[in-house]
Amino acid sequence: MGALIPSAATPPGRVLAVIAGIYVTQSTIGGLTFQGLPTSLRAGGAGYEVISLVSLLMLPWALKFLWAPAVERLRRPIGGGRRSRRIVLGGQILAILTITLLAVGDAPPLPAMVLAALAVAALITATVDIGCDAYAVEQLPPRLRGLGNVMQVGGGYLGALIGGGAFLVLLDHTGWRVAILAMVAIMILLTLPMAMTREGRPAIDGADAGAGIHRPSLRHAFARRPVRIGLVVVLAVQAGLRLAMGLTGPLLVDGGVSLATIGLVTGAGGMALSIAGTVAAGIALRRIAPEHLLAPLVATQAVLLGAIAAAIPAGLPASWIMAVLLVLSMIQGASFVALYSAMMGWAASPQAGVDFTLLQCADAAIAAVAGLSGGLIAAALGLDATFALAAGTAAAAALLTPRLLRHGARPETLPA
């Protein structure tokens, strides 16, 4: 039986609160998975070979496009209506229960049990994200996509601070069980806005086109010109930054900067400026289309990466490089908001969950490939050559992106 079709749209402020809560919850689980729990495992004596297995938990996020059509068919049943809220709430509850199981004892469970629980939570949250992204694309009017992505990107930073930083502080002061249960309590509170909000009708025109007859699939996604153009744009604009992102810490270590200083300046300081960048981009997107904001931001990345590449052989002080990296953090946050706002437009279709997931997986794929390539290039040619290549890649993307977008359909164009 199809879901009931609502007659009224959900107030935008309520939609923003819902997606903020869900994205912070997901990122809290991500912070636990990739920062908090690996650190606690190492403190408990686990070897690096065990901790390295955590990287495999990125696979659900990189591969979720494979089951996105099935989730979207469940979300958009034959006969019309939507089940986004039910899918997201059900998944959130399962993920929270999975994390709760880690609090069965006063001490951390065996590493195998921790990794198994994290694997289940990663699979659930990656799947829930398909429904949440579709909800955001459909429920936010185009003028508010920038603010929506402030919630998404800023929520990612905040969740990482909760699951990675706050968890470790609590673990050190209160013990394993209390720290885990505190994370669970936070995630329950963040899920309440979704639990208390009914799913309204879409805020974009054409989102109900083909309701009841359209069967979501990857084939339909690749048939849409905005998605094809969007995939190329995502790969282009992210390649340069992703080449260099994993090398900033090693660069400062080679420059003689202490780990404490790196953590304080590029960690806390970089995080704060990234959040500032997301907010600034969200404000700018009230007046500027995200497609028009992308190229200038990527061009700025190219200038900053080029400045770092030039500073390395010139022997400039590490403090100068840190200052450039802080500015780059702010531009990075703004770039993510602009890119993901544009992705919302490209995914505005009767199968928004599939289309947005495909674009998101392209970002995850380029992050993995470029991150690995950056390390290999640095080992072979040096950090200066790697940052120069990253700068050149970003500059090429800044020139290419406007041309690509001119030849693509408008973001809100839906398939006939």
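Every residue gets a Cβ built from N, Cα and C, even glycine.
According to TrEMBL, the feature transmembrane segment maps to residues 229-253, out of the candidate ranges 229-253, 354-378. By the Cβ criterion (under 8 Å, sequence separation of 6 or more), the transmembrane segment (176-195) is in contact with the transmembrane segment (87-104), since 3+ such pairs are found. Remote same-chain partners of the transmembrane segment (15-34), defined as residues 6 or more beyond its termini with a Cβ less than 8 Å from a stretch Cβ, comprise 54, 57, 88, 92, 95, 99, 118, 121-122, 125, 128-129, 132, 135-136, 139-140, 144, 147-148, 151-152, 155-165, 167, 183, 186-187, 190-194, 197, 203. The stretch from 87-104, 110-137, 149-170, 259-281 that makes the most Cβ contacts under 8 Å with the transmembrane segment (318-340) is 259-281. For the transmembrane segment (110-137), the list of distant contacts is 15, 18-19, 22-23, 26, 29-30, 32-33, 37, 41, 44, 46, 50, 53-54, 56-58, 60-61, 64, 67-68, 71-72, 75, 83-85, 87-88, 91-92, 94-95, 98-99, 101-102, 148, 152, 199, 204, 344, 347-348, 352-354, 356-357, 360: same-chain residues at least six beyond its ends, Cβ to Cβ under 8 Å. Same-chain neighbours of the transmembrane segment (149-170): 16, 19-20, 23-37, 39-40, 136, 178-179, 182-183, 186, 271, 274-275, 278-279, 281-282, 285, 333, 336-338, 340-341, 344, counting only residues six or more beyond its ends whose CB sits under 8 Å from a CB of the stretch.
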